[in-house]
Structure formats: C-alpha cells, structure tokens
C-alpha cells in the first residue's frame, strides 16, 4: 500500500514553519496515542504514521530529500522496507512532545529551539545558469541581538531560573487518569525568567535584520536545484544553533533555446533555396555563432546535432549537445518577377512529382486510393 504524503498526514502545507509542524504533531499524537486508545489498532497505526511524518519533516536534511524525491528520498532501502524508524511509545515525546502523558526529558532543562530554516527563490537567466556566477543575496532574517548577545537580558544582568517550573519549562497537571505536562505559564516554557529585558530585542534574544550573502552558483544548475548554506538561517533561541538557508533555483525561459537536462534545442529558419541546394548557415550557441553545413535536399524539420555545445553537467564533467531543427520558411511579399520565376519553376516539375517530391507523390497516391476504396 502506498504511503500518504507526510504533509497530508500532519495536515500542514509545504511552506509551514517547524513550529507549526510541531503543533500539528502534538495535536495528532494526543488524539491517536495508545494510552488514549487501548486496543485500537487503527489508532496505533495512525500514531506511527504521525510520528514518522514528524521525524522526517523536522529534520532539515531528511525534509530536503523528501521535498525533492518524495518517499524514495528518505527510504533507507530505496524501494523496500519503508521508513526505517520505530514508533517507540516510551520515548516518542522526548523531542518536542515531552509535555504529554508525563513523558519527556526527565530531570533536564528545556532546550532552546534551533533557528528556523529559510528559503530564498533565485531566478536566473539561462546564460547565468549554464556558466555559473556569484550572486549577492539580501536575506531578511532573525539574527542574534548584538546588544545582549542573544540572551534576552540587559547587559550586566542574566536570566534567572523560573521558580514555578524550576527551569523545566513545564508544569504537571492532572486530567482524569492522565498526568499531563504543559508549558509553564510563568516563563512560557522557557525555563528562565528575564527580569531586566534587553531594550533592543525586548527580551527575545533575536531581532529582525537583513544580511547580504555572497553565494556561488555552480555552472549547470537548473530549475528545481537547491543550494544549502549551513548556519545561514534564522538565529536559534537564546544561543541555540542557527537554521540553514536554502536557495531555490529557477531558470527563466529563453528567447531562442529550450533546455532538456544538459541538451539545448533551437529552431533555425532556412530558405527554400538553401534547403534545396544546400550550403552553410549561421547558428547561435551560448558561446557565439557557428557555421552549420546544410546538405542539399534537406527537408524541413530535420534535426542537426552539434556535440558539446549544450550544458556542462553540474554533477559531472559531461557536456550536453545543441540540437538544431531546421524549418523551411515560405517566402512572403514576393514581387511579380519573383512570382513569375516560381511559376516557371513549378512548370518544370510538371509530371515529375515522383522524382522531385516523392513524399508528396506517395501521399496523394494514398489519398486517391483511399477515395477509390471508399466509393467501391
């Protein structure tokens, strides 16, 4: 049976923040937890599915692989066995869900949250994508407050341990048969109290800021490629590690070339006389114009391959080709003399269709036979 989409399992969108993913997970895990649904196999299966989705979507590497390749990107067996993790009901809440059913990190203080990952959509021209370049990107983000060094407390003071939860960030409450832990209402789950908050960040430890990064874009990138910059995401809470920045590449349509992998395609118009008599034509490439030899009697639609004139692979040393499709252009805006010459030329072909236009002759012979058979 095929697996459901992880985002669908948690009921979130692909651009949902990690914080919202955690909220969705917490709500669904409470709903399907075996302690609340004893003997219910369907609830147990749903619980495992929810946990699996959460563990993938809150791991930046696994999430990136899943976003790009789907379930195959996070399947350790690549086609067999499915998800490699286990749904251990004893430790499932140790990460983010330690406040439910009395689980969680016993005896340890709440850990400050890692910074959120950021995404930057970068649009490139085909030439930029093929050759590579260095781009200056201006990124709006949350940065550690330089006034309090990310502590949230005014310089010269320090956060103090919360007296309500004793630094745990959680308090225990009884709900029927269950001992439920919830975020401490005094410190809002932080485990610390900032009595004298920093004037710049107002006790948050982070401030909104824009930073400029110089990002090297490798030659050969294409739409859908993603570049990861470790540690360039939002600053973590109160000194926790920062998130990562993902640069999502898209390539604009080109006026001449179409790209398919490492190959480039283009259409080149040629005159009737050039197609019939042959000769050389100029063909555009990303490196400049080159001459292409057209054999006599070339038919419209013929494809010519120019090896090594495509795109160098971003993952290897292979270079694609340029494939040129010649399209014969019917002359327009003819003067009387030109029309007369064409009529004379047409007269010279009378009765010689099989010799000069074998495809057309074969086609019309087939049409004639079709109507004869139809009327017989």
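Heads up, residue numbers simply count up from 1 along the chain you see.
Glycine is treated like the rest: Cβ placed from N, Cα and C.
Per Swiss-Prot, the feature domain 'J' maps to 5-70; the stated evidence is sequence analysis. Positions annotated as zinc finger by Swiss-Prot: 132-210. What Swiss-Prot records for 145, 148, 198, 201 is Zn(2+) 1 binding site, and it gives sequence analysis as the kind of evidence. Residues annotated as repeat 'CXXCXGXG motif' in Swiss-Prot: 145-152, 162-169, 184-191, 198-205. Residues or ranges marked as Zn(2+) 2 binding site by Swiss-Prot on the basis of sequence analysis: 162, 165, 184, 187.
Projection of Swiss-Prot feature records onto the structure.
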{"residue": "145", "record": "Zn(2+) 1 binding site", "DSSP (3 states)": "coil"}
{"residue": "162", "record": "Zn(2+) 2 binding site", "DSSP (3 states)": "coil"}
{"residue": "184", "record": "Zn(2+) 2 binding site", "DSSP (3 states)": "coil"}
{"residue": "198", "record": "Zn(2+) 1 binding site", "DSSP (3 states)": "coil"}
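If you take every residue in the repeat 'CXXCXGXG motif' (198-205) and average the pLDDT, you get 91. Shown are the binding-site residues 145, 148, 198, 201; the one with the most C-beta atoms within 10 angstroms of its own C-beta is 148. Compute the center of the Cβ atoms of 145, 148, 198, 201, which mark the site for Zn(2+) 1; besides them, the chain residues with Cβ within 8 Å of that center are 146, 147, 149, 150, 151, 152, 153, 154, 197, 199, 200, 202, 203, 204, 205, 206, 207.
Residue 162 (Zn(2+) 2 binding site) sits 20 Å from residue 201 (Zn(2+) 1 binding site), taking the Cα positions as reference. In sequence order, 163, 164, 166, 167, 168, 169, 170, 171, 185, 186, 188, 189, 190, 191, 192, 193 are the residues of the same chain, not among 162, 165, 184, 187, whose CB sits within 8 A of the CB centroid for the Zn(2+) 2 site.
Nearest in space to residue 148 (Zn(2+) 1 binding site), taking C-alpha to C-alpha distance over the binding-site residues 165, 184, 187, is 187. Between the repeat 'CXXCXGXG motif' (184-191) and the stretches 145-152, 162-169, 198-205, it is 162-169 that has the most C-beta pairs under 8 angstroms. The separation of residue 198 (Zn(2+) 1 binding site) from residue 187 (Zn(2+) 2 binding site), Cα to Cα, is 16 Å.
Using a 10 Å radius centred on the Cβ of residue 165 (Zn(2+) 2 binding site) and all shown protein chains, the other Cβ atoms total 24. On the backbone, the CA of residue 165 (Zn(2+) 2 binding site) and the CA of residue 198 (Zn(2+) 1 binding site) stand 23 Å apart. In terms of DSSP helix, strand and coil, the zinc finger (132-210) has 0 helix, 35 strand, 44 coil. Taken residue by residue, the domain 'J' (5-70) breaks down under DSSP into 48 helix, 0 strand, 18 coil. All protein chains considered, the CB of residue 187 (Zn(2+) 2 binding site) has 24 other CB atoms within 10 Å. Checking the binding-site residues (145, 198, 201) against residue 184 (Zn(2+) 2 binding site) with a 10 Å Cα-Cα cut-off leaves nothing.
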